[in-house]
Every structure is written in C-alpha cells, then in structure tokens.
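S.K.: Just passing along the structure, written as structure tokens.
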C-alpha cells in the first residue's frame, strides 16, 4: 500500500482501527467512531445507570426493621418511632397496591410531627429517607409566601426534591419531603381578616393541592413562575410529606380544653411535671390545631399526627454518647487524628446536658456547647507535642479548660489503631 493510500484510509478517532478492521465507521465533523467503540460506550453508560440509586419498593422493610434502624440514630421517642415506622410502611405499601389495579384505591396519609425544639423531628425524617433509599428534601415553611408576593412559591419545595433525585422525575415522585417550621404559617388569628395573610393562611391554601396529590408545574431554575419558561411536570400523589413544628403555645390551648373548670378550695392544682409539654401534646385534637391557626382543609391533609417528648437529662446524655454519629464519638475521633486521647467523665456529660436544658435548645444545642468549651484546647493541641490525653470534667463548661495530661517521654505516640484499621505512623521520640 502506498503512503498516499495510507493517508486517505479512514481510522476510528478513539481506538485507531482502520475502516477495514471494523464493520462500520461513522463520520462526524472532523472525527470518526467505529461500531466497537460505540458498543463499548453503550455498555459503560448502561452500567452507570444500573449503579444509580434505585427506589426499590418491592422489598419494603417491615415496621420493626424501620424502627430498629431509627434506634441507631435517634435516642428515645419510642412512640414517635413506632408511629412513623407504621405510617411510612403503609405509605409505600399503598404505592405498590395502587399499581396492581385493584378495586380499592388507598389514599395518601401525610404526617404532622409535633415536638419541642431539638427533640429530633428533622433527624427522624432524614434517617427514614436514608434507610428507605429514596430522594429527600427539607424545606423551610417560613420562606414561603402566597403566589404573587415576595418570597418562594410552594413549587420550589418540589424543585429541591427533583434536584436531589438528579432530575429523575420517576424517582422523585416516590420521595419524602420534610417541611420544617410548619407552625409558622398558622394564620394570625382565628377570625378571618380583611387584610391578606400571604405568609400564613395563603401558604396553607397553596400547599393543599401538593399535599393531596396533583401534577405540579415546577420552574427548573427556581424562583417565580413566568409564562415564557418551560416547567417540569411532577405528580405529587406518591410523595410523602412530613410537616414538623414546635407549635409554641398549643399546650395552653390543650390545657384549657382538658382541665376541669373548678374554682376555690376544690380546684385541681397541677404540678410542673403534669404540665410537661411532651405529655400535653399527646392529648392534641384537630380542634386544638384549628384554634392554633391551621385551616380545616390543611389539618385534613395531615391525618397522621405524631408527637415527640421533650428530652430530659438522661436522654441528652445518651444522645451525646450512644448513636453512630454521637458528638462524643466525633470529638474523640478528631483528637485521635492528632494522636491525643480524649475523655469525658460522667459529671461533665451531666453538666453539658443540663446546660442544653437551661438554654431550651434540646439536642440541637449540644454541639454549640461542646464547641464553645473545646475551642481553645483544639486550637492549642496541634502545636503542643507533649500532650497525650485531655480529660473533660464538670468544671469545663465554666472554665473552658480541660485537664491536660503529658505523654510519656514528653512526646505523644500514635494511638494504636482499632479493629485492624491502618494508621500512618508519625515520628516518635
């Protein structure tokens, strides 16, 4: 073959094979690809699609299995975990049932979570979605306003879910949406007002169709809708909505309804223990939510009401030490990476829990307390090669000075790895 023929002979731009060595060569603008490379690329793409998160609802875990998983991350709240496990199981069982073309069509049951700040409402919803391997989105009800006013449209909630599902609409339509601070969209008074309540009752009205199940038009870039843009169509019929809120003040409404109206010497005296918020919330009725400011139609679309208890000292100590992502375990690991052993004594844990109770922040405030307490020592430790152990005692919350113990020989040694995990050895003295 002449050199001129070699130049004229076409080759695949990817594997370099000539047109004589392959069955077909497809031309593009200044580039060629053979049938073998096309087949290889197709296999790679198919493998990637198979590796994507699949929403497998055929092998749905039982309520006991769901609760067992929740127990690993959420301390206490036994009644809430059982109620949520059953509700989620029934929701996805309903999706499977409605695809079988039965005579009976099961309706959706969204969930309302009531509990004090820091009691675990958001964590429960997040953990459920993680276990079920379904797309999950968190929305803040305080940013929502009625259509036509400054703020977010309710459809933006669905956009977050679609984005978390990598724009796979079919996957997103079986996801979970958690709407936080739902109590903040309660209408301002029980009586209808002549002025529009655009961030209260107006938002409740806008959420009704989405909660019930509708084909919603979602702007792909978020923000307000305008007539000259394309929309993403998503059916919300099989999306599970969990709405959570602290509902500050609803306890007084429940008290007024439940207490016996008696005066004088025969009046019943309630102790502070009897007025525990978590116990009061268990007696909540739809009428109490109505008086709080939720409209009847909105209450009707959240038929499952789950209440959470206020966390006491014992529960907060368990939260600090027991879950897989416990704060004490996290800080111990951070110190271990600097070859320093960290120890919290029991009295210190009690003080941290009491401080969280005093601040009325629940479990959410634990990290802030520990971070404030450990800031100085975490700043100094990497530079102090002679420190081998740090002990946090009950005085550390006030003094912010843990007890420091020098390493043997004046210089710390690498902490021995646990369970066979390899660590890089640092220089020793």
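Using N, Cα and C of the backbone, Cβ positions are placed for all residues, glycine too.
So Swiss-Prot has the following annotated:
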type	residues	note
BINDING	12, 15, 34, 37	Zn(2+) binding site
BINDING	116, 117, 118, 119, 120, 121, 122, 123	ATP binding site
COMPBIAS	413-423	compositional bias 'Basic residues'
DOMAIN	1-53	domain 'ClpX-type ZB'
REGION	408-429	region 'Disordered'
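Any idea what these are sitting next to in the structure?
M.R.: Following the DSSP three-state reduction, the secondary structure of residue 37 (Zn(2+) binding site) is helix. Residues near residue 37 (Zn(2+) binding site) in space but far in sequence (CB under 8 A, at least 6 apart, same chain), listed by position: 12, 14, 15.
Residue 123 (ATP binding site) carries a helical DSSP state (H, G or I).
Mean pLDDT for the domain 'ClpX-type ZB' (1-53) in this predicted model: 75.
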S.K.: Return the residue, from the listed binding-site residues 117, 119, 122, with the maximum count of other C-beta atoms within 10 angstroms of its C-beta.
M.R.: 119
S.K.: Same chain, not part of 116, 117, 118, 119, 120, 121, 122, 123: whose C-beta falls within 8 angstroms of the C-beta centre of the ATP site? Give them in sequence order.
M.R.: 115, 244, 308, 362, 363, 364
S.K.: Within 10 Å of each Cβ, count the other Cβ atoms and name the one among the binding-site residues 15, 116, 121 with the highest count.
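M.R.: Highest number of other Cβ atoms within 10 Å: 121.
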S.K.: C-alpha of residue 118 (ATP binding site) to C-alpha of residue 34 (Zn(2+) binding site): distance in Å?
M.R.: 60
S.K.: Name them in sequence order: residues not among 12, 15, 34, 37 whose Cβ is within 8 Å of the mean position of the Cβ atoms defining the Zn(2+) site.
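M.R.: In sequence order, the nearby non-listed residues are 13, 14, 16, 17, 22, 25, 32, 33, 35, 36, 38.
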S.K.: For the binding-site residues 118, 120, which one has its C-beta crowded by the most other C-beta atoms within 10 angstroms?
M.R.: 120
